[in-house]
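Q: One structure follows; several queries about it will come next.
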Amino acid sequence: MTEKLVLAYSGGLDTSVAIPWLKEKGYDVIAVVLNVGQHGKDMVAIQEKALKVGASQSIVIDAQAEFADQYVAPVIKANMLYEGEYPMVSALSRPLIIKKLVDIAHENEAVAIAHGSTGHGNDQVRFEAAIHALDPDMKIEAPIRDFQWSREEEIEYAQQHDVPVPINLESPYSIDENLWGRANEAGILENPWHQAPEDAYALTTAIENTPDIPEFVDVTFTAGIPTALDGNEMPLADLIIKLNIMAGTHGIGRIDHIENRLVGIKSREIYEAPAAAVLMTAHKDLEDLTLERDVAHFKPMVEQQLANLVYEAKWVSPLFDSLMAFVDETQKNVNGVVKMKLFKGSAIAVARQSEHNSLYDEDLATYTSASSFDQAAAVGFIKLWTLSNTVYEQVNHVHSQKPSQLKLKN
């Protein structure tokens with residue numbers, strides 16, 4: 001009896017050539033496509049393509065709502081940006097994809113799961129680390145990596161096996177996309193001195209072609225999660241889709257940077273994340289209004305560690321769960337509205353309010369005669385605040401002269 005295998009299928013070149021290759025190894029291939037918000041993708045066409053190139057089954061799952069609510073929401077609450085820039089576009093969808101693949105593998109009594117990652121990238125680690133965590137006995141196939149195909153060899157193999165080739169050698173972009181953004185690499189983008197051409201972008205307008213009039217949008221947050229735009233409540237997935245269009249029109253969310261991959265190499269990456277740019281900026285601004293100072297100062301350390309964990313394939317880990325428990329606790333009072341200005345590639349918070357959780361007291365902050373701040377209390381506070389440093393300096397004279405030195409000068 002032929003053994004069954006579940007393939008993470010995207011419709012692209014890598015996973016399309018994987019199907020005939022896996023069949024040649026003796027597998028009955030079940031192709032699984034997860035709709036996590038790929039822009040402009042025809043899921044029916046992708047499903048049919050998998051069958052055409054040799055899959056015995058082709059399954060499409062609409063996971064947009066689950067992706068937004070269970071995976072994007074934690075990233076927003078934790079302000080996760082890998083190396084301060086990358087909002088986890090590709091890294092974020094992998095844990096959900098693997099969860100679904102493992103479930104389908106169990107339902108169909110499949111013995112193996114396959115992915116189309118290369119040996120150069122992070123995804124091979126993300127896919128396989130999650131599979132090992134969820135089912136250590138599951139076999140893993142990675143034909144592109146294991147066969148060490150180059151892009152040219154893949155295309156040649158595809159042509160030999162009647163697999164449609166969606167790209168050409170002159171523009172061999174490798175694109176991954178979901179609700180949260182779009183990642184583009186390979187081809188001419190591999191030269192870090194080469195400016196990315198406009199055809200490398202799809203979600204954002206070039207700055208010179210953006211509107212000359214700014215657009216404003218009010219983003220409402222409830223417990224740290226975006227719940228409404230301009231007062232209109234909507235599911236998070238719909239909110240992200242709408243913001244991607246609004247912010248993308250103004251050229252917001254383009255990221256062109258050198259990234260430290262977890263496999264040890266540096267990579268030039270082009271990302272587009274319009275909604276992420278707006279929501280992350282708005283969320284941080286509301287936190288500035290509602291979080292107590294010590295929490296606000298400590299949380300960024302947790303955020304950085306969480307971003308590293310997600311990037312490094314450790315979404316399924318006790319440390320991730322523990323740190324997210326802290327983040328969830330901090331978000332209970334992150335309720336309010338932030339007014340965002342969208343203009344010429346920038347998303348700027350220009351106003352904010354939190355009816356019940358704002359820690360901003362205008363009576364204390366004002367410099368007018370209406371101030372309720374007790375300035376007389378400052379003298380004693382300053383003496384106590386600096387007492388330990390004052391005593392240390394008097395004893396050790398690290399930054400001041402000793403009394404004996406002063407006498408010599410006189």
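In case you wondered, yes, glycine gets a Cβ from its N, Cα and C as well.
Take a look at what Swiss-Prot says about it:
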type    : residues                                                            : note
BINDING : ALA8, TYR9, SER10, GLY11, GLY12, LEU13, ASP14, THR15, SER16, GLY116 : ATP binding site
BINDING : TYR86, ASN122, ARG126, SER174, GLU259, TYR271                       : L-citrulline binding site
BINDING : THR118, ASN122, ASP123                                              : L-aspartate binding site
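Buried or exposed, and what's around them? Tell me for each listed feature.
A: Counting only same-chain residues six or more apart in sequence, the Cβ atoms lying under 8 angstroms from the Cβ of SER16 (ATP binding site) belong to TYR9, LYS49, ALA50, VAL53, ALA158, VAL163, PRO164. Look at SER16 (ATP binding site): DSSP puts it in a helix.
Counting every protein chain shown, the number of other Cβ atoms lying within 10 Å of the Cβ of ASN122 (L-citrulline binding site) is 20.
Annotation note: ASN122 (L-citrulline binding site) sits in a coil segment as assigned by DSSP.
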Q: List the binding-site residues among THR118, SER174, GLU259 whose C-alpha is within 10 Å of the C-alpha of GLY12 (ATP binding site), in sequence order, or say none.
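A: For GLY12 (ATP binding site), the binding-site residues whose Cα atoms are within 10 Å come to SER174.
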Q: Using all protein chains shown, find which of the binding-site residues TYR86, TYR271 scores highest when you count other CB atoms within 10 A of its CB.
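A: When each Cβ's neighbours within 10 Å are tallied, TYR271 leads.
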Q: Run through the Cβ atoms and count how many others sit within 10 Å of the one on GLY12 (ATP binding site).
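A: GLY12 (ATP binding site): 16 neighbouring Cβ atoms within 10 Å.
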Q: Report the largest Cα to Cα distance, in Å and rounded to a whole number, among the residues TYR86, ASN122, ARG126, SER174, GLU259, TYR271 that the record lists as binding L-citrulline.
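A: The L-citrulline-binding residues span at most 19 Å between Cα atoms.
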Q: Pick from SER10, THR118, SER174: which of these binding-site residues has the biggest number of other Cβ atoms within 10 Å of its Cβ?
A: SER10
Q: If you skip the near sequence neighbours and keep only those at least six away, which residues in the chain come within under 8 angstroms of ASP14 (ATP binding site), Cβ to Cβ?
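A: In sequence order, the residues whose Cβ lies under 8 Å from that of ASP14 (ATP binding site) (at least 6 apart) are GLY116, SER117, THR118, ILE144, GLU154, SER174.
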Q: Would you mind ranking the binding-site residues ALA8, GLU259 by how many other Cβ atoms sit within 10 Å of each Cβ and giving me the lowest?
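A: Ranked by other Cβ atoms within 10 Å, the binding-site residues ALA8, GLU259 bottom out at GLU259.
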